[in-house]
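Here's what TrEMBL has on this protein:
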type     : residues : note
TRANSMEM : 7-23     : transmembrane segment
TRANSMEM : 43-66    : transmembrane segment
TRANSMEM : 78-97    : transmembrane segment
TRANSMEM : 127-146  : transmembrane segment
TRANSMEM : 158-176  : transmembrane segment
TRANSMEM : 207-224  : transmembrane segment
TRANSMEM : 236-256  : transmembrane segment
TRANSMEM : 268-290  : transmembrane segment
TRANSMEM : 296-315  : transmembrane segment
Amino acid sequence: MNIIIGLKFFVLNIIFLILAAHIERSKIFDIIVAKIIKIRYSLNFIITFFFLFSPLFLFPVFIDIARKIYNKSNKNEIIYSYLLISILIGSILSPIGNQRNLFIMSYISSYYPEGFKMLEFFLKNTFFIWLFALLLLNIISFFTKYKFEGNIETERFRYKELLFFIVSLILVIPFGMGKLNFAGFSFLILFFMFAFTSFETLKITKWIYLIPSFIVIPLSIIPSNFPLNIGGHLKILSSSFLASGIITSNFSSVLFSSPELSNMANIIKGVSAGSLIPFIGSFEIIYIKFFKKERINPFVFIIFSVICFLIGLIIK
């Protein structure tokens, strides 16, 4: 590896955290969820909603919304766990869905800079995990007893923030499809942000999620032939999965990265399942557990992490 990959990952985190802040400030998702929560089978609709939109690096926004729902459910740990799992697994579908995928995308694009179909690569390796988790969570939620008291408070809709986010996606899509390189993408979108991002938006940006990025930069100097990433399908998948429960999936994705696409496919599956390991599987869970000091149900997370691991093992 080299430090350029770590710096690329750092820049991408800044870009997508600011984009997430734009959508948060628009309040569009708060308004939508506030309407969904009033209807029958609202939990199923919210879980599906999170799955569908989490691939757009919206976990900072959705985690805050999930915390609001958690408070409206009398702090029901089971419901909260379902919502967080839907955000974490929902995000695995695209190269920009979460920080683990962002690093893997940064790594692959450094070895395959021209025309690599990044979105297709991630879809191929995560779709069945994503789909099975979506169906299973919906089935379980259908039979789960819950009650939401009151409604989520909303503010006025800011359409300009939503418009900015949508226009930015026009640049993200060709980047994710390998038709726009990192330098061109970064220059265009940072210029766009400099022109239209307000100080108020920067104030609500979740800069705390940059912590893994600062640690990844020195980690990215470690040689790419890290011994644990050498081996077959089972070894790579299980190693990256188990390591996620020790050093978090954020750093597991860094240490196990490999120029071999077959290895990287297994690493994607391993860290995706490993991100659910309580209480340190991902920085998102660390944020909930240790920064916000909120409780989750570890048993639910363990069950889903093992199921996602087994699906990744079966689907080659």
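Including glycine, each Cβ sits where the backbone N, Cα and C put it.
Nobody curates TrEMBL annotations by hand; they come from automatic prediction.
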Per the Cβ filter (under 8 Å) with a sequence gap of at least 6 from its ends, the transmembrane segment (296-315) is approached by 77-78, 80-82, 84-85, 89, 128-129, 132-133, 136-137, 233-234, 237-238, 241, 266, 269-270, 272-279, 281, 285, 288-289
Relative to the transmembrane segment (43-66), the stretch among 7-23, 78-97, 158-176, 236-256, 268-290 with the most Cβ pairs under 8 Å is 78-97
Chain residues outside the transmembrane segment (207-224) and at least six past its termini with a C-beta under 8 angstroms from it: 1-3, 5-7, 9-10, 13-14, 17, 60, 99, 103, 248, 250-251, 254-255, 257-259, 283, 287, 291
Range from 78-97, 127-146, 158-176, 236-256, 268-290 with the greatest count of C-beta pairs under 8 A to the transmembrane segment (7-23): 158-176
Tell me if the transmembrane segment (158-176) touches the transmembrane segment (236-256). I count contact as 3 or more CB pairs below 8 A, with pairs 6 or more residues apart. no
Selected stretch (most C-beta pairs under 8 A with the transmembrane segment (268-290)) from 78-97, 127-146, 158-176: 78-97
Sequence-remote contacts (6 or more beyond its ends) of the transmembrane segment (158-176), Cβ cut-off under 8 Å? 19, 22-23, 25-28, 56, 94-96, 105, 118-119, 182, 185, 188-189, 192, 196-197, 201
